[in-house]
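Data block below; observations after.
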Amino acid sequence: MAGTTQGAKTLYDKLWDDHLVSQRDDGSCLIYIDRHLLHEVTSPQAFEGLQLAGRQPWRLNANIATPDHNVPTSKKEREQGIAGIEDDTSRIQVQTLDDNCKTFNIVEFGINDIRQGIVHVVGPEQGLTLPGMTVVCGDSHTATHGAFGCLAHGIGTSEVEHVLATQCLIQKKSKNMLIRVDGQLGKGVTPKDVVLAIIGKIGTAGGTGYAIEFGGQVFRDMSIEGRMTVCNMAIEAGARVGMVAVDDKTIEYVQSRHYAPKGEQWDQAVAYWNTLHSDDDAVFDEVVVLNGAEIEPQVSWGTSPEMVIPVSQAVPTLEQAKDDVQRNDWTRAYQYMGLTAGQALADIQLDRVFIGSCTNSRIEDIRAAAEVVKGRKVASSIKQAMIVPGSGLVKQQAEQEGLDQVFLEAGFEWREPGCSMCLAMNSDKLQPGEHCASTSNRNFEGRQGNGGRTHLVSPAMAAAAAIAGHFVDVRSF
């Protein structure tokens, strides 16, 4: 087909070409979408647009929905279903999603369905995310699904309507970037630390205009859930798309999932999936290399994910800034975060700890936190420490393993699934001036609540901080 890549191809090239419907002279392309994930925040206007135009979804079984952003995570509110949501706006949005899914016959995992959860946890968990797919959602962290060798990215509300109506999107192809992490990670260093270190190196604009493929020995060794954590934060590195090549781990993870192909279709799918890797002689527009052995546990100190340092270091001084723009950004960050240049991370008094979000709420994350917490108690100075599983099924599995009791005995809150304190769109919020060790993906001003101060860390680092009351190096905890 005209417009497809000639010669050796990257994984991104292959996925793009396999879904290219047509291309115009200006470079704009029509791309077919295999899977569309919906939630309550970015879908209402899209459904309304369909109704006003008298249209129906083009391919019903390509769409699936679940409420996550606005749902409360306290047991009290959840027991009453949608009617129990105290915030009016949140209740209306969740109810509207429910109504729209019924009207258009779209499968929804509703608020009290055991399968409900954060959309980027639910998709892979159910086998809705499959290697080689194009996956979109009205959410910027859709790159999570790239961990399966997918072309996955977030879209806006008008594009949500367009996908519902046509199963296609107009896009322009990105350039190719390879981020290779060689060697092996040290003890206590996790996928979250890897992606934070990457962002610290290339900055939040480093991936702008690129589709990032993550490669190297560290990613070959990494679990699928770990790869999801890394791909999840491709957007924080400036890229809409992040992906990892398919391997045996990918196929093993997908096998027997509810929506995964079965029988002969499975065999055909696996044959295709095994081609989903960059050709040996494929050329990338940009290559970034890190040594995995040099990566330490990371802690963000400022108001951007790129303001991140190893736990062994202190808050940087203005003398370390590369230019006037960075000096100005750091000065503002010092003021907002209530920190001083050169301050030790251990001197930051924490108020709350949040372990959850589409970045770190899967069973491996909860196990890692529980391993640190077991037999210990949350520091008396911590106002709140909470564990929010990414889905009802993750919660169920953790409870079957007894992990909920580990946290409850330590003084953590064990919550219902949802986006929770990742963003200030539900009842889980920081108060002005509070510092939070968070396993989420963004530390912007006000992200977790007006005046709230967010520090991004791994689940293990967050758990250790909850016990100590401040940041500590989990490697020696």
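Glycine residues also receive a Cβ, built from the backbone N, Cα and C atoms like all the rest.
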Given that Swiss-Prot annotates C419, C422 as binding [4Fe-4S] cluster, state which candidate in C231, C358 belongs to that site as well. C358
Which of the three DSSP-derived classes (helix, strand, coil) applies to C419 ([4Fe-4S] cluster binding site)? coil
Determine, for the [4Fe-4S] cluster site, the additional residues of the same chain whose CB lies within 8 Å of the mean position of the CB atoms of C358, C419, C422; present them in sequence order. D68, H69, I118, H141, G356, S357, T359, S361, G418, S420, L423, S440, N441
